[in-house]
């Protein structure tokens, strides 16, 4: 099966924003929206953007009242220089898909080549017919490089072809004051410092007004055509223009290759010089060679993370699409992480949430562990900020990671559903442990992992207390369900806290004779007494349980509230957060997403199957799945409870969420967490993969209508391929040591 997504476009406003996200190009450092080069008519809803991961401006956060230690500023991802704008004039007719006649208008995401393509045949109002072929690439090998190969052919006329290629430094961020998931007041965030031509290279340097970050971009062109061309170099305020005029005959083609490089002062001392030198180096070679290396890089990625579904090609393509988008979003350095929308749009302002660790990191842990390590190393890099955040909230010890951030400082302006979500600590701790259990990377644990575990464990001990019955309780926190905020003893949060504390102490005790652990404990001032206290708190953790219903209540007061009437709520009132006051939502039993059910995925040994099944059925009736993080979790837990048909149905809701735009906001950027979650729905759900301190196991089933499915993962130093069919499960060890996998029918070993 070819890994290619193709869309035929009518070029209507309603689909433009979505296709800008779906056909975006990114490589973990830069992301370029899949905007049409010539732009769209004024007034159309479009998000034209190019982004650099981890590059931000600081803007004010409006608070109605100046209460103590509320957030008054935040970071927001920058839209940097636009180098994708190219305008075409065919013998006097401006190329514009809203005029003339469209014969062909096709967009292609070629995941095998690592590029996007656009193919258009258009007839102008005057009858001039042209064929336009565009190939775009953000290089994985040269992370600062973005290329556009722009080919124009005159199909039925002899005449003048003009191409105007712009380098626009004077750009703005997208904003929407009516949607809390988008910035409401971003606008122009960059001062344009330099726009100039250096011979045939256009250079632009801009800087932020508050954060003090500089960004640079450089652009140059290569032109190929049958005859001669008139070339001019223009400069206007905030932009440059490369203008080509060429006479062509019918059937002749003009080809323009536009090279752009980007750099920033977060990573480079002299961004302008780096952008210029990187551009020169890229242009010394041949674009065909860069394409070939891009293909090799992408091929290696799919070789490591291969997943195939025999029996449903459409689902298989959706799986490939999701994995590829995750790969495009993945940070390649320690300066940044993976945002909620990756680098495909400005939804959630480029912030990093708990989603990254809980939903995205598992994919990379199993397929590309070095990329997963980058995610965790970023968290270690902001550990001091997490300590400061904890102190700001009154905690004497420990670290509390911010709910949403770029630099490590809290960016959530609404603390009930933001800062109060302490469970982000649990997500990071859980991922640290899973990374270690899967890779065996003991050096990471000694150098960074255990320190994060200890500091987050200290936070849990500080925020909690013992009640009169001797239980350790945690009050005034918010779990994953943002329709229920500031509660006591959120079941999921308490499970996370107990696990976090237990794992921190367990590692310290197991390696108590290690010099590196002793030095770490001394550095942090962690005593034997403190470790015992933390361990006891984990053991005494209170987990709500209702005897009458036989379920785990989401929190202490949840079952006291009336149940929201979901059946009679009009579809146009979803998502509820956009139509009801938060307090109104908080007073009902209604869940935005998996909460207690998520705990059953991560900590299934904590409850009996009977309790989990009753709880699952209870929460299923009151969950809206307004969050994209929900249906994948319900699928996984349904799989583990033996509800296979239901598991497949929930998976179906998750896997095509962006391709079908089922949440009606994929145009703001793809949902990276859901993409990771849909991967887990197969691997951890259908295949039942579990990795614990005891080893690796599976508990698979084959969805109805599928002939078989297979996937590859890395475990310790081995590359494994699992295949599940009607005859059972087979595990092949493709590389590395022989291992034992519980739950398979057959083990096979390579040479």
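Numbers here mean position along the shown chain, with the first residue as 1.
Yeah, the Cβs are placed from backbone N, Cα and C, and that goes for glycine too.
Annotation source TrEMBL lists active site, proton donor at 482. Residue 482 (active site, proton donor): 22 other CB atoms within 10 A of its CB, across all protein chains.
Annotation comment: TrEMBL describes 354, 355, 592, 593 as substrate binding site. A C-beta separation below 8 Å, combined with a sequence spacing of at least six in one chain, links residue 592 (substrate binding site) to 481, 482, 483, 575, 576, 577, 623, 624, 625, 626, 627, 630. In the three-state DSSP scheme, residue 592 (substrate binding site) is classed as coil.
As annotated by TrEMBL, domain 'Glycoside hydrolase family 65 N-terminal' applies to 8-262.
Across the residues of the domain 'Glycoside hydrolase family 65 central catalytic' (321-679), the predicted structure has a mean pLDDT of 98. What TrEMBL lists as domain 'Glycoside hydrolase family 65 central catalytic' is 321-679.
The domain 'Glycoside hydrolase family 65 C-terminal' annotation in TrEMBL covers 689-741.
Secondary structure at residue 482 (active site, proton donor), as computed by DSSP, is coil. Neighbour density at the Cβ, taken as the number of other Cβ atoms within 10 Å, is lowest among the binding-site residues 355, 593 for 593. Secondary structure at residue 354 (substrate binding site), as computed by DSSP, is coil. Using the Cβ center of 354, 355, 592, 593 for substrate, the list of other same-chain residues with Cβ within 8 Å runs, in sequence order, 353, 480, 482, 627, 629, 630, 673.
Taken over all pairs of the listed substrate-binding residues (354, 355, 592, 593), the Cα spread reaches a maximum of 16 Å, rounded to the nearest whole number.
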